[in-house]
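Below: the structure, in structure tokens.
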Amino acid sequence: MKNKIFLVSAAAALFLAACAMNNGVSSEQIGLRKANLNNENSVILSDINYSGLGAGESALLERAFENAPPLISHNLDGMLPITKESNSCLTCHDKAIAADVGAIAAPASHYYDFWKNKPTGDMISEIRYNCTQCHVAQSDAKPLVGNTFKAEFKNEASKKKSNLLDVMNEGVK
Ligand code: HEC
Ligand code: HEC
């Protein structure tokens, strides 16, 4: 019994100590952006240059790892925001149009509904509609946290091309 009382009070003391420490840390001191979490306007954006080249003039970068979402290689002038009524990305990247305008078609995985487990035909899958949720533009931003990750690619082609839908179930029985 005595042991139990000791344990409970020790836990309570630890809890109170943790609370006291918590009060001493302001939101400016945590996280990587060092800004007040209650005020988005206090965030100071770093001076980052995005690739200024237009679609059709830019160069592709290697994928971060096999089947990672590729970075957008061109500038996004006049293309954002993506709304319910208008998605300018699809005016070039839709699979029915891409070849004609010299763009890379959105891959087969973007025309597949993983919930219903069937292709979506000519229509882009709803969860792929908001392109910039996954694809970001190339920039010269420096990593905020160092990292020694090295991607392993199965072959040269997969450094610049995706095939997620083909390999999705690899190893699954
Ligand atoms: C005017 C046509 C056009 C529009 C609009 C357009 N793109 Fe592109 N995009 C291209 C072309 C062409 C390329 C190939 C690289 C190049 O030549 O710039 C490309 C490349 C890309 C790539 C790189 C693909 C890879 O395999 O590395 C991504 C990702 C991309 N675009 C996403 C988008 C998104 C997202 C939007 C909408 C915000 C968009 N694009 C709007 C024409 C377009
Ligand atoms: C949920 C995240 C997500 C969204 C949303 C998304 N993509 Fe992708 N995209 C990916 C990933 C991951 C890949 C690479 C693997 C794959 O799916 O084949 C990819 C690959 C691509 C490629 C390269 C194709 C190739 O053959 O190498 C293009 C182009 C592309 N996406 C365009 C788009 C466009 C345009 C939209 C909006 C209509 C979009 N994506 C929306 C995640 C996304």
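The backbone N, Cα and C atoms fix where each Cβ goes, glycine too.
Noted in TrEMBL for the protein shown:
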| type | residues | note |
| --- | --- | --- |
| SIGNAL | 1-20 | signal peptide |
| BINDING | H74, C89, C92, H93 | heme c 1 binding site |
| BINDING | H110, C131, C134, H135 | heme c 2 binding site |
Near-site residues: heme c 1, ref H74, C89, C92, H93, CB cutoff 8 A to centroid: A55, I72, M79, S88, L90, T91, A103, C131
Nearest of the binding-site residues (H110, C131, C134, H135) to C89 (heme c 1 binding site), judged by Cα-Cα distance: C131
Coarse DSSP state, helix versus strand versus coil, of H74 (heme c 1 binding site): coil
Binding-site residues close to ligand 1 - of C92, H110, C134, only those whose C-beta is under 6 Å away: C92
Nearest-integer angstrom distance between the alpha carbons (Cα) of H135 (heme c 2 binding site) and H74 (heme c 1 binding site): 12
Sequence-ordered binding-site residues from H74, C92, H93, C131, C134 with Cβ under 6 Å of an atom of ligand 2: H93, C131, C134
Other C-beta atoms that fall within 10 angstroms of the C-beta of H74 (heme c 1 binding site): 21
